[in-house]
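Report on the following structure.
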Ligand code: SAH
Ligand code: SF4
Ligand code: F3S
C-alpha cells in the first residue's frame, strides 16, 4: 500500500496553493530576466543509471517546455525512455484548455496508481497548465496520492530543487506560483528534433478572451529580448537546423512590453531572422487584432519565411466575437485576411473555431460557415465550447443544447473537409519543396514531411533523405495529405 501522503503534508513548507484570481491580476510589475538556474551539487549525478519519461499534452508551448525539462533532467544524468516500466521519473505535462483534455489526464493518473504500488520509488510529477488551477491541485491532493510532485508553469527552472525534495521527503511536494511571470534565460534544452526546433519568442497572454484559461495558467505577455532570440536562431542555423517555429500564444503582441526599444515588433524580428541562413521560418499563434501592416510587408518578402498563416478566427459573427472578448469584428478579420493574401499570394491559411459559445444562435453559426466559405481555409481546428471555471464565459448561461453543438460541429467539419480537399487538389502535378521529417505514420516504407505551406506529403524514398529538403511531384491529392514522387533532379523550387 502507498501510505497516505495527504495526511503528512507539511503545508506551511511545501504547499503554495495556486490561485486563478491572483493569476488574473496584471500589476504591471517589471519582468525580471533571470539567469539563476542551477543544479545543487548533490543533484548533479542523481540520475546516473536512471531514466525519465515526459508525457506531453496540449500546445507547442508545452512541447517546448518539455524540451527544457528534458534538458534539466539530462543535466542530472537521467536518460530518456519511452517505456513506462523502465522510468524512474514520469512527468505529465498537462493542458487545461478544455474539459476533455483534463479528464484524459485524470484518467491517466488514476491508472498510474498500480504502477506506483509496484514501484514505490518511482517519482510521478504533474506539471503544465493544469497544475496552475487550484481545483486541480486540490483534487490531486485529495484523490491521487500516487503523485509525488506538482509544479507550475512558472516553476520549471526549480525542477532540480523540487525533485530533491520529492526524492528525500515522503510528502507530496507542491510548488505553483500564480504570478505574472519572469523570463528565465539560461535553461538547458534537450531538443527533440535535429532539424526542426521551437523557439519561444514570448510567454503568456494578456488577451483574456472570455472563454480561455491560458492567461491564468501562463501569466502576462512578456517578450524575450530580440538579441537572445537571434543568437538562438543563429546557433540553430550553425547546427544545421532546417526549420524553426517562433512560438507564443499571441506572437503579434511581440515586443509591446520591450519599452526601451522603439516600437520593435514581430515584423522587425522576422525581418532580422529572414537574413539568417535557416531555410524555413514559421510562427504561431497569430492574433488578428495585433497583426500589423509591417508584419504583412515582411511576410511578403518571402525567402525563408514560410507561406503558412495560422490565424484563429473563433467565430464569424461580430456579436459572438464581442462576447468572446476577441477585440475584432468579422469585417476586420476578413479585411486582414485579404490583405495578407494579397501580400503573400500562395499562402495557405488555417484557423481555430469554437462552436456553441453561450447564446450562439443558428444565424450566428451560419455567419461562421459563410466566413469559412469565403476564406476557403486549408484546414481548421474546430472545438465545441468548453466552460473553464474561473473565466468570465463560465458564468454565462451555457444555453446551447449539446446535440445542437454537436450537430453544428459536424456541419462545420464537413465544410472544412470539403475545402481542404479542394485546396489540396490544386497541388496535383505540381513540384513542391518538402522537409522530410521521418517515416509515415501509416507505412514505414513511406517517408513523410511538410511543404512550406504546411501540407503533409508522403512519398517513397531512401531513409537518408530524412532531415533534408527535397522536391516532390504530387501524383495524388487526398483530403488531408498529398502523395508524390521524389524528384532526384529538382526541377523548380515549388510551393
Ligand atoms: N492563443 C491562441 C489559441 C490558444 S488555445 C489564439 O488566441 O488563437 C487553442 C484554441 O483552443 C483556441 O484558438 C480556441 O479555438 C480553443 N479554445 C480555447 N479555449 C477554449 C474553450 N474554453 N472551449 C473550447 N475551445 C477553446
Ligand atoms: Fe486564449 Fe485568447 Fe490568449 Fe489565445 S489570445 S491564448 S484564445 S486568451
Ligand atoms: Fe493547453 Fe496550456 Fe497550451 S492550456 S493549449 S498547454 S498554454
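Going from the start of the chain as shown, residues are counted 1 onward.
Every residue gets a Cβ built from N, Cα and C, even glycine.
If you draw a 10 Å sphere around the CB of residue 95 ([4Fe-4S] cluster 1 binding site), it holds 21 other CB atoms from the protein chains shown. According to TrEMBL, the [4Fe-4S] cluster 1 binding site annotation covers 59, 95, 129.
What TrEMBL lists as [4Fe-4S] cluster 2 binding site is 205, 209, 212. Under the DSSP three-state reduction, residue 205 ([4Fe-4S] cluster 2 binding site) is assigned to coil, being neither helix nor strand. Counting only same-chain residues at least 6 apart in sequence, those with a Cβ under 8 Å from the Cβ of residue 205 ([4Fe-4S] cluster 2 binding site) are 212, 214, 215, 218, 220, 221, 249, 250.
Here TrEMBL flags 50-168 as domain 'MTTase N-terminal'.
Here TrEMBL flags 191-422 as domain 'Radical SAM core'.
What TrEMBL records for 425-488 is domain 'TRAM'. With helix defined as DSSP H, G or I and strand as E or B, the domain 'TRAM' (425-488) counts 4 helix, 33 strand, 27 coil.
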Item to complete: Determine the minimum-neighbour residue: among 59, 129, listed as binding-site residues, which Cβ has the fewest other Cβ atoms within 10 angstroms?
Response: 59
Item to complete: In whole Å, note down how far the CA of residue 209 ([4Fe-4S] cluster 2 binding site) lies from the CA of residue 95 ([4Fe-4S] cluster 1 binding site).
Response: 17
Fill in: residue 209 ([4Fe-4S] cluster 2 binding site) and residue 129 ([4Fe-4S] cluster 1 binding site), Cα-Cα, nearest whole angstrom
17
Discussion item. Using the Cβ center of 59, 95, 129 as the [4Fe-4S] cluster 1 site position, which other residues in that chain lie within 8 Å, going by their Cβ?
Written reply: 57, 58, 61, 62, 94, 96, 97, 101, 128, 214, 217
Worksheet entry | Set of same-chain residues at least 6 away whose C-beta sits under 8 angstroms from residue 209 ([4Fe-4S] cluster 2 binding site) | 314, 324, 325, 326
Worksheet item: Among all the protein chains here, how many other CB atoms are within 10 A of the CB of residue 212 ([4Fe-4S] cluster 2 binding site)?
Response: 22
